[in-house]
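K.L.:
To start, I am sharing the structure in question, which I have written as structure tokens.
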Amino acid sequence: MNESLTEKRNELSLSFAALGVVFGDIGTSPLYAFGQVIKYFPINDYNIYGILSLIFWSLIIIVSIKYLVIVFRADNDGEGGIIALAGVIRQKIKKPGGWLLFITLVGIGLIIGDGMLTPAISILSAVEGLESLSPNLAKYVLPVTLIILFFLFKMQSIGTGKIGVYFAPVMLVWFITIGILGFLQIIQNPKVLMAINPYYAINFFMIHQYSALFILGGVFLVMTGGEALFADLGHFGKKAIRTGWFAVALPALLLCYFGQGAFVLMHTEDIKYPFFSLSPDWFLPVMIILATLATIIASQAIISAAFSILKQASLLNLIPRLKIVFTSKFEKGEVYLPLINFILALGTCSLVVIFKSSSNLADAYGIAVNLDMLITTVLVGIIAYRCWSWHAFKILIFLLILIIELAFFAGNIPKLLTGGWIPVLIAFLGFVVMYTWHCGFEKLRELHHRDALMDAFIIDELNQNKISRQPGMGLYIIDPYDYEGESLLHHLRLNRIFFENMVFVSIKIENKPYIPIEDKFELIKKAEGFYLIFIHYGFTENINLPNELDEMFKRVYLPFDIIKNKLIYFIEIVFVEMTGERQKHMYLWQKHFFSLMIRNAVPDIQFYQLPYNNTIAIGTYYQF
């Protein structure tokens, strides 16, 4: 009984904490989404009922059913997100082909675009409440927004730290407040609740026909942030997120949207900001402050999610290695990526300056999230067919969801002409970077495979004791493109310097988020006094090689003593020289770009957190 009570308390505690992280983006959508939708058609009962019906069933079908019921089943050992889904498919399909890489890279690129747009539109829409307070304050909206964004990105380097504990209480107050404000309007015009009937959504399309598609781009804004429910699965778990959604977030959002619908039907004059119109004049300053705090929290969650997924991509070698700063001693997942933070800050502030209002930004917003949701639907559909063995009849569920999301995509297509091309361009540029990096590494792997054939004789000579050795031990760190240390063996062959004991360490990032300690180490004896050790990591884990080696030496038997402070680490630094010829899968500009990226990538000594005084770097030149 006590254990059950404790478990329920822990679940409620996690659900409460999830309010401050998971639901921030989707929870602040009422600030701009409804106002964006109603500008397309005249305000009358049938139009508002149709719009509210579309909003209601979008949140039910896409967010509640698709994500919380179906997609949640496709977790990768409790982890969610694009990379986790790709990992599940790779576990089942050993050689999935280039299509999975393509989808994964596009998905990551879209997340970068979302990381710029979400803080811009969220915070700008909150600060625009100043105009509702007084039209004279309109001139301060942009400067205040830019100041908030500056400090938001500035504080990333120190982490959220202690202030993070206040995120959930603020968001709970936010949801309660918007729910109450909406409810107060509904009781004055309860007829809006008829919009729950899907007849009004269908009737809306029958009346407006093809022109109704344009409104879907606006309706889709109510779901932006829905993908975060799955992406943050690893932090809070399924039960906590489902409880937080169905008990707090969803009811509050529906009350707020229906409340805005009730209000505009009672006040049919031109309403620029229907959300802030819900608030009484005496409460408006408090509402603006609360909205600003909520959007800052929502933006923080998106920025942290971008850091997290790009850290995973860096470990999986999908992007160049990035400098990773751990901002908390207690939360291992709390990281800061300086370069990414700068790119996001520059992009976000530029968007605010260019578009100037949340209404203009809304024209650019949504298409990236829409594409991300489509990718998720396709990947989970493949998992359902290949991993869950769903029959064709069940797979029709995904076909239905795909048709709905494609309809939303059709509604978002006109946004390409009014700013929607920006997130698509960001995603494309991200894809070019990642694909060029992938092609360059494939070329390096090809070159190392040739070296492996050349250096096989060294192992034979070591086995036959034909090579003289000097006392001591060398610990050689193998790069991802070098499966068994062929480049370092090549160096040894040229240098003729062989330690009495040599250990080659290869880091392998698996398609799972975490690797149990008992499965982490793999020892292979290559020759007398020459060992190859594989250390397996999950794609969400933090790499600290010296600490991992300490644990390894306790668990893996080696027939010689290890003196930690006398360990010498050998790493490779790669230099790429251009040949001027186009090679397979790489244009000349790609080779130059890859050379630039590999020169500026974080070196092994930093990435693996090796001791500077005990590390020797070996330079290797490759011709492309």
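Just so you know, glycine gets a Cβ as well, placed from its N, Cα and C.
Below are the features I grabbed from Swiss-Prot:
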type	residues	note
TRANSMEM	14-34	transmembrane segment
TRANSMEM	51-71	transmembrane segment
TRANSMEM	97-117	transmembrane segment
TRANSMEM	133-153	transmembrane segment
TRANSMEM	163-183	transmembrane segment
TRANSMEM	211-231	transmembrane segment
TRANSMEM	245-265	transmembrane segment
TRANSMEM	283-303	transmembrane segment
TRANSMEM	335-355	transmembrane segment
TRANSMEM	364-384	transmembrane segment
TRANSMEM	393-413	transmembrane segment
TRANSMEM	416-436	transmembrane segment
K.L.:
Quick check: do the transmembrane segment (97-117) and the transmembrane segment (364-384) share at least 3 Cβ pairs under 8 Å, counting only pairs 6+ apart in sequence?
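P.N.:
The transmembrane segment (364-384) and the transmembrane segment (97-117): touching, yes.
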K.L.:
Using a threshold of three or more Cβ pairs below 8 Å, and leaving out pairs closer than 6 in sequence, do the transmembrane segment (51-71) and the transmembrane segment (245-265) count as in contact?
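P.N.:
Result for the transmembrane segment (245-265) with the transmembrane segment (51-71) is yes.
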K.L.:
Three or more CB pairs closer than 8 Å, sequence separation of 6 or more: does that hold for the transmembrane segment (51-71) against the transmembrane segment (364-384)?
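P.N.:
Yes, the stretches contact each other.
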K.L.:
Cβ under 8 Å to the transmembrane segment (335-355), counting only same-chain residues 6 or more beyond its ends: which ones?
P.N.:
112, 115-117, 119-120, 124, 142, 145-146, 149-150, 153, 156-157, 159, 303, 306-308, 310-311, 322-327, 361, 363-364, 419, 422, 426
K.L.:
Taking 3+ C-beta pairs under 8 angstroms (sequence gap of 6 or more) as contact, is the transmembrane segment (14-34) in contact with the transmembrane segment (283-303)?
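P.N.:
Yes; at least 3 Cβ pairs under 8 Å.
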K.L.:
Which range out of 133-153, 163-183, 211-231, 283-303 gives the transmembrane segment (364-384) the most CB pairs under 8 Å?
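P.N.:
The stretch I would name here is 211-231.
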K.L.:
Is the count of Cβ pairs under 8 Å between the transmembrane segment (133-153) and the transmembrane segment (211-231), pairs 6 or more apart in sequence, 3 or more?
P.N.:
no
K.L.:
Taking a Cβ cut-off under 8 Å, which residues six or more beyond the ends of the transmembrane segment (163-183) line up next to it in the same chain?
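P.N.:
Distal contacts: 16-21, 23-24, 27-28, 30, 248-249, 251-260, 262, 278-279, 287, 290-291, 293-294, 297, 300.
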